[in-house]
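So that you can see what the record holds, here are the features copied from Swiss-Prot:
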- 1-401: region 'Carboxyphosphate synthetic domain' (REGION)
- 133-327: domain 'ATP-grasp 1' (DOMAIN)
- Q284, E298: Mn(2+) 1 binding site (BINDING)
- 547-929: region 'Carbamoyl phosphate synthetic domain' (REGION)
- 671-861: domain 'ATP-grasp 2' (DOMAIN)
- R707, R746, L748, E752, G777, V778, H779, S780, Q820, E832: ATP 2 binding site (BINDING)
- Q820, E832: Mn(2+) 3 binding site (BINDING)
- E832, N834: Mg(2+) 4 binding site (BINDING)
- E832, N834: Mn(2+) 4 binding site (BINDING)
- 930-1057: domain 'MGS-like' (DOMAIN)
- 930-1057: region 'Allosteric domain' (REGION)
Amino acid sequence: MPKRNDIKTILVIGSGPIIIGQAAEFDYAGTQACLALKEEGYRVILVNSNPATIMTDKEIADKVYIEPLTHNFIARIIRKEQPDALLPTLGGQTGLNMAIQLHESGVLQDNNVQLLGTELTSIQQAEDREMFRTLMNDLNVPVPESDIVNTVEQAFKFKEQVGYPLIVRPAFTMGGTGGGICHNDEELHEIVSNGLHYSPATQCLLEKSIAGFKEIEYEVMRDKNDNAIVVCNMENIDPVGIHTGDSIVVAPSQTLSDVEYQMLRDVSLKVIRALGIEGGCNVQLALDPHSFDYYIIEVNPRVSRSSALASKATGYPIAKLAAKIAVGLTLDEMLNPITGTSYAAFEPTLDYVISKIPRFPFDKFEKGERELGTQMKATGEVMAIGRTYEESLLKAIRSLEYGVHHLGLPNGESFDLDYIKERISHQDDERLFFIGEAIRRGTTLEEIHNMTQIDYFFLHKFQNIIDIEHQLKEHQGDLEYLKYAKDYGFSDKTIAHRFNMTEEEVYQLRMENDIKPVYKMVDTCAAEFESSTPYYYGTYETENESIVTDKEKILVLGSGPIRIGQGVEFDYATVHAVWAIQKAGYEAIIVNNNPETVSTDFSISDKLYFEPLTEEDVMNIINLEKPKGVVVQFGGQTAINLADKLAKHGVKILGTSLENLNRAEDRKEFEALLRKINVPQPQGKTATSPEEALANAAEIGYPVVVRPSYVLGGRAMEIVDNDKELENYMTQAVKASPEHPVLVDRYLTGKEIEVDAICDGETVIIPGIMEHIERAGVHSGDSIAVYPPQTLTEDELATLEDYTIKLAKGLNIIGLINIQFVIAHDGVYVLEVNPRSSRTVPFLSKITDIPMAQLAMRAIIGEKLTDMGYQEGVQPYAEGVFVKAPVFSFNKLKNVDITLGPEMKSTGEVMGKDTTLEKALFKGLTGSGVEVKDHGTVLMTVSDKDKEEVVKLAQCLNEVGYKILATSGTANKLAEYDIPAEVVGKIGGENDLLTRIQNGDVQIVINTMTKGKEVERDGFQIRRTTVENGIPCLTSLDTANALTNVIESMTFTMRQM
């Protein structure tokens, strides 16, 4: 079938900010789809609110709108651009829900916009739990015993019939938002009321739990001629009951017999044919391990996290082909881009094993509830490829960057067996490592199977890993056993531990005896057809398929899994760096391990190595490729932390030298530099013990900011007010970084400013200066950033420019540098300097049209900024006002305090741009999920130190017609200024404020931290209740002021004469 000629312009909706459940996989899918549609000659208009994506670059679509993904804003774009069609299945759940809203409100019909790809009725049939169940019954496909409820009462009726445990799945949400497993009445009440709140349709599916069944997924494609194929099938190691995004996954499935495989394949194809899916689709099934009984769990009628994994696992570009299917092309007429010779209708075959392990944020949220269930908690994931299951699992484990390199925890010996078994019986993110520990202690596989329901096949594989450890210990230094351990994915570090050697000695032993990995190609067809994909993985076999060219090469280190503090912004910079390397005529090689990202798409670089980002794995590639040098400044802290280790092997670090990278991090050297160039910083000291820290604080004076050196995202950083808090911190936090001391600094309050600059060794260009709305003390990644600065004087701007140039030149930066300043009452101070790409690079690149990562890369290669047409200093300002607003995923993480502070907590960001600050903020806040209403009720409960400041805020809100509720202390303060406020009771009292929040009486909560156990607990409960009821909770008065200004600009104030 030829492609459709009746449509010319297609609108693509992106997935918005990165949140738990919806991460970088949609940037990858959206980028592929836009390029595929342009390739076919269509005009593409993209709307997405996330500036940190490749997809929102001007080259990707013909027109790019970075606007909030809400009905009103998209409707405006549709009226303005008059597209012929809308493609909704590439923007995750956000894109799908938008398409449904635009259809239901009549916007699509009024503007003659057709939906492409899967029909809306099919989407609703797959997403609406009631319709889906009816269709499955018609097809005779078994679904778990279930009921649809719209109220909590209905849920209890269903419980009477089937009993516990029950699984709750809200309709039209993703990542299992609001869902969970209930074992008793209390949990049922809480989870169902929560689920109804998060479901746009106020609808939940309750189903009898089939926990313990195997969870199997099929990633399928279908076109309009009813050609349908399975791209990949995957098996969750964790049985049903843990969200697939939080499960360890293996592809292809390992424990299915051929009969089971074919049976589930047939069902998957039958279901997508019945639904009339056109494009990619993910089918999740549950299989009883003891019979041929199965159930269908759910169908995602769109490109998903699993399809990104399937694309990277097989090399088959699902999103690209799904976009082409949407405009009428069929599988049997499109070539598979990987082979270039076979058609897309051939099902991929794998001659290797893939392991995916989720990356959880519990290293940042130590108090977060770790138990896993049907609501997703992982922020990202890693994938590894091996020739044996053991090899791919161990490679994936060391890709996680948890400080874990093997099947066990670093301090595993110290736990007693009862504790280990207790941890195994709970489903949490560390269970895999505790299983390894239990096997080491001789626990039987039967006992572990009974506790976990994990298939014996996998338990035997874990046992094999432990057996090899014992063999290494018994045959220390034996080359045969070294080779054998390498075949099964053991790292040099692990072998060194068992051989009683250093890692370096094992590495040398391997080199002397030529025990090196070879690299195999990922070609979708198990070498059945000719293929020329430059996509490789390492393994210890004989034939090497990665042919080394004689071109000069530059190796770029990626940033690994998405986690808090290191998001998709670093992938953005990596991809741009690669483009610049290619334009300069070098061969660009990427090493990365994140299946969700654009950088791990085989078509981006000249060669892609899908390998762990560890010293050993990267050195193996360098030994083969012998690049001119390695670039570390675009891969976040992951890459920077490898610089030292690679340099020890004589590898050339391109760009800012290792010595200068270390000067920016080393306290004493950095202070010496600041004195020399005459740039002030807050008074500070270094401490290696609690006693020293207390002495430092006494000299500087409280409050002080404490943090370990060498961390990203403000990990383990705190503001402390007294000796007791400091002692507590020193005993907890010195863990955060044992080799490095703790920094104790004077805490300066004032405006925080962030600057990104590029330096080629001679010229420093500053694309822009950003002012933070939240004062210093809130992590820059959690602050709202504004460009251009709104409240700075000419003098302050000149000082910032001067200091930035001095710092970049003083550190001999070649490439990018990110600096944070604070403007205190007595001048500008430098807070920190990061000699690398930062979180704000994509944001500034989009605003100013200065391709920062590309310029930095060109400077690294040796080009001069003046030759590219740039002058030193701050570049001309772009027109308009732009804000970058953070987006949090607190509703997915229980027991995490949402108070903003020096430790980063946001998972993503949105951009708002307009002609005034208030309009830009309105877009930023709206895009980040804060509903800005021009009237309503605000609840205020603030600490004593903030009571004076909250008065002005209350006055403004009162004048625009907001009703104020306040706790007694805050209300008394407001009464002094004649501001009316209704007093609400403390927790547990009469007219208790939690009840008011739960009843929906409140639209905004303003709550600032008070220290002290009792009040901290109260404050924590207030903040959690607010988040769990989906109400904006502002913990910084600066954010509250910004919101108030926006509300004020939307309405008229009412004052008596």
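Glycine residues also receive a Cβ, built from the backbone N, Cα and C atoms like all the rest.
Overlay of Swiss-Prot annotations on the structure.
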{"residue": "Q284", "record": "Mn(2+) 1 binding site", "Cβ contacts under 8 Å, 6 or more apart": "E215, I216, E217, T244, I296, I297, E298, V299, N300"}
{"residue": "L748", "record": "ATP 2 binding site", "Cβ contacts under 8 Å, 6 or more apart": "P682, A776, V822, A824, Y829"}
{"residue": "G777", "record": "ATP 2 binding site", "Cβ contacts under 8 Å, 6 or more apart": "V705, I719, Y747, T749, G901, P902"}
{"residue": "Q820", "record": "ATP 2 binding site", "Cβ contacts under 8 Å, 6 or more apart": "E752, I753, E754, V755, S780, V830, L831, E832, V833"}
{"residue": "N834", "record": "Mg(2+) 4 binding site", "Cβ contacts under 8 Å, 6 or more apart": "A664, I817, N818, I819"}
Three-state secondary structure, which DSSP defines for H779 (ATP 2 binding site): coil
Largest CA-to-CA spread of ATP 2 binders R707, R746, L748, E752, G777, V778, H779, S780, Q820, E832, angstrom: 18
Tally of DSSP helical, extended and coil residues in the domain 'MGS-like' (930-1057): 61 helix, 21 strand, 46 coil
Per-region confidence, the region 'Allosteric domain' (930-1057) (mean pLDDT, whole number): 88
All-chain count of other Cβ atoms within 10 Å of E832 (Mn(2+) 3 binding site): 17
C-beta crowding around E298 (Mn(2+) 1 binding site), within 10 angstroms: 16
Cβ neighbours of R707 (ATP 2 binding site) where a neighbour is any other Cβ within 10 Å: 23
Cβ neighbour count within 10 Å of H779 (ATP 2 binding site): 24
